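**Q** I grabbed these lines from Swiss-Prot:
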- 1: N-acetylvaline (MOD_RES)
- 2-146: domain 'Globin' (DOMAIN)
- 12: phosphothreonine (MOD_RES)
- 44: phosphoserine (MOD_RES)
- 59: N6-acetyllysine (MOD_RES)
- 63, 92: heme b binding site (BINDING)
- 82: N6-acetyllysine (MOD_RES)
- 93: S-nitrosocysteine (MOD_RES)
- 144: N6-acetyllysine (MOD_RES)
């Protein structure tokens with residue numbers, strides 16, 4: 001991901017304030033509600049029958065935290081995302097058969113959740129930087145599909 005020094009420091013500065021468990025659960029929950037076809041990858045998560053069931057689901061929250069823990073790792077290796085996410089890309093491609101488009105969708109949902117949590121602090125410039133990051137992560141996760 002090609003970020004200026006200013007963009008990198010803005011991204012990492014904001015990320016230091018992110019409550020990974022809260023934001024991760026909300027982002028994954030919103031993905032499952034807004035794009036219901038993504039629920040097919042989470043059959044073992046129990047009740048996903050309504051928006052409130054999804055958003056209150058402990059397994060959704062736990063997996064959302066796990067996803068953002070990996071994202072946090074990626075933020076420390078912005079210049080080598082493909083290597084950082086190689087194993088996860090392989091897992092999602094070969095074993096889980098996740099449509100790689102879902103990574104892009106989740107990245108965009110994450111940006112929405114960050115905007116919701118940080119309000120005016122999440123400036124258009126910061127959004128632009130985060131869009132670059134989530135696009136880079138989505139591309140890295142889709143790498144093994146090609």
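Glycine residues also receive a Cβ, built from the backbone N, Cα and C atoms like all the rest.
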**Q** Return only the integer: C-alpha distance in Å from the residue listed as 'phosphothreonine' to the residue listed as 'N-acetylvaline'.
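**A** With distance taken Cα to Cα, the residue listed as 'N-acetylvaline' is 14 Å from the residue listed as 'phosphothreonine'.
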**Q** How far is it from residue 82 (N6-acetyllysine) to residue 63 (heme b binding site), counting Cα to Cα, in Å?
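**A** The separation of the Cα atoms works out to 21 Å.
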**Q** Based on Cβ atoms within 10 Å, give me the single least packed residue among the modified residues 12, 44.
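**A** Result for the modified residues 12, 44: minimum number of other Cβ atoms within 10 Å at 44.
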**Q** Can you count the other CB atoms that lie within 10 A of the CB of residue 59 (N6-acetyllysine)?
**A** 15
**Q** With DSSP as the yardstick, break the domain 'Globin' (2-146) down into helix, strand and coil residue counts.
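**A** Split by secondary structure, the domain 'Globin' (2-146) comes out as 119 helix, 0 strand, 26 coil.
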**Q** If you measure from the C-alpha of residue 44 (phosphoserine), which of the recorded positions 1, 59, 63 fall inside 10 Å?
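**A** So the list reads 59.
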**Q** Helix, strand or coil by DSSP: which one applies to residue 1 (N-acetylvaline)?
**A** coil
**Q** State the Cα to Cα distance, in Å, between residue 63 (heme b binding site) and the residue listed as 'N-acetylvaline', rounded to an integer.
**A** 25
